[in-house]
Amino acid sequence: MIESKNQSFFPNRFDCVVVGAGHAGSEAAYIASKGGAKTLLITMNLDTIGQMSCNPAIGGIAKGHMVREVDALGGIMGKVIDNTGIQFKMLNTSKGPSVWAPRAQAEKKEYQLKVKHTLEAEKNLSMRQDTVEELLIENDQVIGVKTGRGFEIYTNHVILTTGTFLSSLVHIGTYQNENGRMCEPTVKGLSKSLAKYNLKLGRLKTGTPPRIHKNSVDLSVLAIQDGDANPSPFSFSTEKITRRQIPCYITYTNVETHKLIHENLSLSPMYSGQIQSTGPRYCPSIEDKVVRFADRERHQVFLEPEGYETTEIYLNGVSTSLPEEVQWKLVRSLKGLENAEIVRPGYAIEYDYVDPTELKPTLETKKIKGLYHAGQINGTTGYEEAAAQGLVAAYSVLHSLKNLDPLLFKRSESYIGVLIDDLVYKGVEDPYRMFTSRAEHRLLLRQDNADQRLMKYGYELGLVDQESYDRMKDKYERVNSVREKIYQIPLKPSDEFQNLLDQKGITNYKFGMKLDSFLKRPEIKIEDVEFMLPEVSSWSESEKNILEMEIKYEGYIKRELETIQWKNKYLDLAIPEDINYESIAGLKKEAIQKLKTHKPMTLEKAGQISGVDPSDVDLLLYHIKGKRKQEAEAS
């Protein structure tokens, strides 16, 4: 039992208290304080605010979309990575624009310090180095927290962003230690406090790979992976990335690596029974990869530098909790790493989380008013997912403090909406990671138009300034104006046009056809027709891409918007009690099983079942509508 202390020497009443200062906590503390709430951020170590505990990178498939959404809403992650990145890439550019995604390697320590300095500059934000061991609750309402050193701090809004620190346990072979990260203490009291108020807790597991010394690697024999020559920023406020970029490198596991892993599987905590918790399905350990994909002769390994000055390299793709001596052999079995020195071992970590179905879409707990959860405490994995949740929780606190109706992010308007919807209605069975495939309306949720979709919400709360908001509106007014012009411009003979036709090898065209039809050809880019649109020549690459995509995918976008309206109309559609799910062509086996078990009464309820995807709901809708039409015609 922690003895309470009377603390008159520093303020002990706040509008909002944020517990934990990882990516969820940093975003939550920034948004709450920026929005005018007197906020306290409590973390066990002020030197690890914004720390990249695992990979030194931000963004990626779907994750990059969320970073841009967080930025559009006034968050800090996009700005920080633009200022601290060491390699920038736009992923998936060979595919459709809906899945293009920015990713950047970070200068790891610089990123962390930039987050800390950004928070320190907020006038409404105080910071304390301590832990929180107990929630103070009266009549199912949070009234404050009690810290590890016995101080009581009072507030009606608490955001828990505890990461992997709740009753956590680190594993390296048979070695175990109660750490939240390697060599950092766990927090036990808070788990007990949550359980005391009947919040459903579970256990999850994650892991991290070893870090190696750059000077012990023969980089000359490895494949080089460079960044983009013209990198795209994450933040809508960043005009251009001018930082020096450095390469990553690629190697592969091999037969020797796999043999070594198989021979030592009994020493892996995951396979010895030492770890019982569920790990991330989409970020498996190297042990899992070798066992689950036994037919694969090799697995790709990325060597990612952790900064300009440090010699540490992150081995992306080799997450492991094997004993350290085995890790050394494993690493040295890789091409180019025959003499590699491990400076930090890989490890697995088990930790408590709270079932996210305990939450409202605002991320407030259903059982305790004023208590919000964000990040890995909700069963997610990833910096970007955490940042998005921290922002949502802080938005909810601000709306509560200002007596505004809560802001509920829709699946049809943001990846953040998809994330929150999946968590609170479907829950998690393993650490949740965002993918573009989770968003049924991803063509509308492109990374380039996050400002158009969401910036208005940040502006309304004072989190986005007038200049940024006006700049966004001006941008889309320009795009819309030129788009309307494109519909009217006929193709006419000219030397420039003939040169373009010859260059592209185009013969099947007609003079008089409108420019929009010509632009819809896959080989034609907006830059190719700038001689017809001189005003576009001064635009940014992003603005040109937006214009081009809206022309090329006009039909698909229009159909998607119509589908959203149509589906919203039928969310309350009743599912017949005698429905035969097995008879619905295309319905997945898992969906059939879950639907038969839960027996949802409406389409909306069906979509809230874990294992039932949006595509399954679409099939249900078409089936029910088809059946009704047949019955109507028969009668």
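From the backbone N, Cα and C atoms, a Cβ is placed for every residue, glycine too.
What Swiss-Prot annotates here:
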BINDING   GLY20, ALA21, GLY22, HIS23, ALA24, GLY25  FAD binding site
BINDING   279-293  NAD(+) binding site
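All protein chains shown were included, and the count of other CB atoms within 10 Å of the CB of ARG281 (NAD(+) binding site) stands at 13.
In this structure the C-alpha atoms belonging to ARG281 (NAD(+) binding site) and GLY22 (FAD binding site) are separated by 22 Å.
When Cβ atoms from all protein chains are considered, those within 10 Å of SER285 (NAD(+) binding site) total 27, not counting its own. Annotation: GLY20 carries the greatest number of neighbouring Cβ atoms among the binding-site residues GLY20, GLY22, GLY25, GLY279 [cut-off 10 Å, Cβ to Cβ]. The two recorded residues, HIS23 (FAD binding site) and LYS289 (NAD(+) binding site), show a Cα separation of 28 Å.
Listed in chain order, the residues near the FAD site other than GLY20, ALA21, GLY22, HIS23, ALA24, GLY25 are VAL18, SER26, GLU27, ALA28, THR43, ILE49, GLY50, THR161, GLY163, ALA374, GLY375, ALA386, GLY390, each with its Cβ within 8 Å of the site Cβ centroid. Neighbour counts of Cβ atoms within 10 Å were taken for the binding-site residues HIS23, LYS289; the minimum is at LYS289. Each of the binding-site residues ALA21, ALA24, CYS283 was scored by the other Cβ atoms within 10 Å of its Cβ; the lowest score goes to CYS283. Taking a C-beta cut-off of under 8 angstroms and a sequence separation of 6 or more, PHE293 (NAD(+) binding site) has the following same-chain neighbours: HIS299. When the binding-site residues CYS283, SER285, GLU287, LYS289, VAL291 are ranked by how far their Cα is from the Cα of GLY20 (FAD binding site), CYS283 comes first.
Checked against ALA21 (FAD binding site), the binding-site residues CYS283, GLU287, VAL291 differ in C-alpha distance, with CYS283 being the nearest. When the Cα atoms are compared, SER285 (NAD(+) binding site) and GLY22 (FAD binding site) turn out to be 23 Å apart. The local packing around VAL291 (NAD(+) binding site), expressed as other Cβ atoms within 10 Å of its Cβ over all shown chains, amounts to 17. Geometry remark: CYS283 (NAD(+) binding site) versus GLY22 (FAD binding site), CA distance 20 Å.
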